[in-house]
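Annotation comment: TrEMBL describes 304-340 as domain 'PAS'. According to TrEMBL, the feature domain 'Histidine kinase' maps to 433-649. Annotated transmembrane segment per TrEMBL: 20-44, 90-114, 126-147, 167-187, 199-221, 241-261, 273-291, in sequence order.
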Amino acid sequence: MATLPITRTWPRTWEPVAQVALYLALYLALHLLLVWLSFVRPLAPSITPWNPQAGLTLALLVWRGPRWLPAAAIATFLAESLVRIPSQPLLLHVAMSLWVACGYATMGVVIRSWRIAIPMATVVHAARLATTVAVGTAIVAAGYVGLLVATHVLPADTTLKALARHWIGDLNGVLTVAPLLIVAGHWREMARTLSGHHMEVFAQFASIALTLVIIFMLPAADQLRFFALLFVPLIWIALRWGWPGSILAALAIQIGFLIASQNEIPTPRFTDLQFLMLTLSLTALLLGAVVSERAGVLERMAIREAEQRAVLAMAPDAVLAVDAHGRIEMTNAAALRLFGERAEYGRLLAELLPGLQLVSEEGRGTLESQRADSQPFPAEIAWARLDPPANRGYLVTVRDATERRKAEQQLREHDAALARAMRFAAAGELASALAHELNQPITALVSYVRASKILADRQPADQEHLQDTLGKAAHEAIRASEVLRRLRNFYQGGAHKRETIDLDEICTAVVDAFQERLRRHNASLSVSIDPDIPTFEGDATHVEIALHNLLANAIDAVSQMPEGRRLIVLSASRSQRAATVRVDDSGPGMLPELRDKLFEPFVTSKPDGMGLGLAISRSLIRARGGELSCTSAGTLGGASFTMFLPFEFPTDSPTV
């Protein structure tokens, strides 16, 4: 809504003196002119039936703000001292002027606080304006009449009559003049509204003039009975033009009443006529507001409907509105493109979507339909009832699902291809893991078998050593089988066996398996196992595989160092929630370029390495809820690997 160019606070700078002087002169001149023209049939010395200068003063204070209160006081003082009661004392004129100016300035501040440009554009605003003016003019009238009675200018027995006439005179003047002046910024808009309808406007105001002539030509006793005839042209004008026309019509009627009074046409009691004029002014104000508000609502509805039509026109889906009998009332361009002339106004929805039953408030469905070229297509349908209580029909949207179904099929084919690729990748990873993890037990197995053959070929055979060597070979074969089975289960579904883990036994078994290799490389292994580490649940083979990889890497690392500096430390400690296994070596440490990707598959610094040991080990440990990490700042100067094994078995971990 437009707002008045006003502020709630006084301006910091004053307007140019010449401009202020011009405005002041025009206001004073117009104020005195209106007082002189409306000074007819006064009650006692100065109370007239219609006071248009009150409307002028209120409009000025609404537009210019309370800083123009002195101008309103000066205008009232001049009117009282020059036209209305020139013979009264100066002090009375000053008191009256200040009272009237303060009263209208207060009303102006209240109206300005609404910050709306047209305070009669809606019924609520018009009623608020009428109420504010009615209360304000009543207070001003009470003070004005009270001053006249207090100074004995007005007899006390005429107080109520004078109060009523003054109040109604001011209220009529404000309701007919102030609204027109307050909306002075919209005069051009009003003129454009009336332009092109000159004959109609002339006929409307001519009907007002003719009705006034007829009324005031009648005998005084009949004038009040026929006053209601003025409502006919007033309603005609208000319904045709809204608040601009109704304001002008009320003003024209007031001017006609003023002319009739000056020509001494016989009139009934002025108070009765004033009440009728007040009724007419309020009717004009409120009826004009009703018509304008309705026109505004219709305009906004038309704009909204135009926007909706534009949205429907751009919608990619077919949209149809059908009545309660299934006949099409509205369709968009997409529907016409999809269905052709079958989607035109008045056709049945059943022709487009046979088998569709609109029985619920809203819903969705899918069925087969035909395009305009008779080609079948899958139709996705959604509907909702328009105004359910009135059962006005349904809004139906139709989407051609052909492309979407093609895309879904392509996506399913892509997913299937991806699944096949992932299975191949998993198979390749499993093969690589098996090749890596089985290499050590198979190598050991071959060595033990060869040693057994040598022992068996001796004469006589060394039965004790032969049996020991064959036992070790059998152990490595069993270990290889267990590694194969556990890795297969892990790569199939991430499962591991849930069994009791004795960390001391695992460390001892792994260390025993590396004794020959340690001796061959002349490396020293120190073992420190905390005896307070409890047993816990997990897959012992997975832990053994990881520890086996760590010790194998440590031996490979220290073998690059001079003899005497080939040291490895295996330690195991406990905390409140987990066991920690640590392998430190005195090797050269990690290469800087491998530090951030050490646990990635196929990353290795060994010429003949596969780069899978650490990746597999971390996967096995993490599957148990643990962690495998590495640092280059080991206690022996080389790498340091730490295995974190929580005592609590994870509840979401799959088992076999």
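Note that Cβ sites are derived from N, Cα and C of the backbone, with glycine treated the same way.
Between the transmembrane segment (167-187) and the transmembrane segment (199-221) there are fewer than 3 Cβ pairs closer than 8 Å, counting only residues 6 or more apart in sequence, so the two stretches are not in contact. Outside the transmembrane segment (90-114) by six or more residues, the chain places 4, 6, 8, 54, 57-58, 60-62, 65-66, 69-70, 72-74, 76-77, 80-81, 125, 128-129, 132-133, 136-137, 139-140, 143-144, 147, 151, 153, 182 with a CB less than 8 A from a CB of the stretch. Tertiary neighbourhood of the transmembrane segment (199-221): same-chain residues 227, 229-230, 232-234, 236-237, 240, 245, 248-249, 252-253, 256-257, 260, 265-268, selected by CB-CB distance under 8 Å and a gap of 6+ residues from either end. Counted with DSSP, the domain 'PAS' (304-340) comes out as 19 helix, 10 strand, 8 coil. Per-residue confidence over the domain 'PAS' (304-340) averages out at a pLDDT of 82.
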